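Working notes, beginning with the structure itself.
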C-alpha cells in the first residue's frame, strides 16, 4: 500500500471518523487511522510485494513528523522541508531578538543624549554689539550686560550645556550703556549711559522704574552703589556726584579731577570714597562730612581702576602704562610701592581675596596677581587679541565674568584662587617661560615676567646667580 496515496485519498462516509471530514480534527483522525494500519510495525514485513510500500523504519517514523495538517485537508511535507521550516522559524526568532536588542540599545543612546552635559563654567554669551559692562546678581544665578547700542540684557546662566537663557532686554538708553549694577537686595538694576542718564529697572519684570534724564552735564562713565539708598557717579569731565534715592537728587557734587573719572570705590565704613581719573591722580572724598580730602601725586598715564586690599590697609590702582600703584591707607598722597605687570595696560582690577586680585588688560588677558609679595600668579582666561572692558565676580565667588570687544561675555572658574599661597621666596627667573594657566580654559602665553613661576632644577647656585636672584626679587622699581 502507498502511504502517500492513502493520505491524499478522498474521504468517504464509511472511513471518516469525524462528523465533518473537512475539518482539521477530522483530517487528523483520518491520518491517524491510516497510520494505525499494520504497515508501520517494525517487526513485520510488508504485506504486499509492491516496492512502493517497502518503507524503511526511518522514513516511516519521519512521516509522522512530516505530515502538515491544515483546515483544508492533509498535505504531506518532506523531511527536508520540515527541517527547513524549523530553521526559518529559528532565524525569524533570532532576528526578532536582534531587533529587540537593537531597539533597546537605541533607547539607551537616546537616554544618554537627553541627559544634560554639565560644564565647568557656563557657556559664552554672544551679543550683537560690543559689550561695555557686566554685573552679577547678589544672590541668584543672573547676569546683566550693557552694550554699545545702549541695550541692556539680563540672562540666567547655568553650567548645563545650553542652559543660558535670556530673561529680558531693554533699549531705553539712547547711547552706549557704560555700566550696570544690581542693588544690594537684587530687586533693582542701575545703569548709566553716554546719554547722561541714570536708569533704575525692576529685575523681575524688566520695566523701567525711574530715571534721571540729565543727571550730569557730560557723559557718565562710572557708577558705585554705596548702600540701599546712596550711590555715586562720575562723568567724563571729572565731576563726582553722590545721590540719595529717598530724595531723588544728589547731595554732594565735586569736581576735583581734570579728566574722566574711571572708577570709584569706598571703605567698609561707608565713609571714605576713592576715585581714579584719566588725569593720573586718585581722589579722596569724605561723604560723611561731604568734603574733598586730597588728591594723590600724579602718576604716569591714566589711573584706570581702584581696589582696597589687605583688610583695608592698602589701596591698589591700575594704570594705562601697565603698572599697579600701591598706597598705604591714610597715606594717599604718594605711592608706597609699584610694580610692572608687563602688559600694555591694566584697564580694570577686581579683588578676589585680601591678597589676590584679577587684572584685565588691553591685550585680552586676565591675570591673577598677589600683593605682598607682589607676584603675577598666572592667567585666568583671555579674549584673544580683544581689549577687555570689565570683569566681575559671582555672588558665591566661583565664577569671574568678563566682557570685551569680541561681543562676548565669558565665564572663568576662579574657585581655586582662594587656596593659593604665594611664598616670600621667588625662584630665579627663566627667560622664555610660559604664563601659568590657572583654569582649564586659560591659554598659557609667552611673557618673560611670568617665567619666575617656573621651578628651577635642584642644584647649587653660583654667586653670580644668587646676586641675580637678589636683584630680581625686588618688588619695587
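Each residue, glycine too, has its Cβ placed from N, Cα and C.
Annotated range for region 'Disordered' in TrEMBL, selecting from 37-79, 80-122: 80-122. From the options 418-447, 448-477, the stretch TrEMBL describes as region 'Disordered' is 448-477. Sequence-distant contacts of the repeat 'WD' (396-422) (same chain, at least 6 residues past either end, Cβ-Cβ under 8 Å): 120-134, 136, 143, 145, 157, 350, 352-353, 355-356, 358, 360, 364, 366, 368, 370, 373, 375, 377, 380-381, 383, 386-390, 438-442. For the compositional bias 'Basic and acidic residues' (113-122), DSSP puts the residue distribution at 2 helix, 1 strand, 7 coil.
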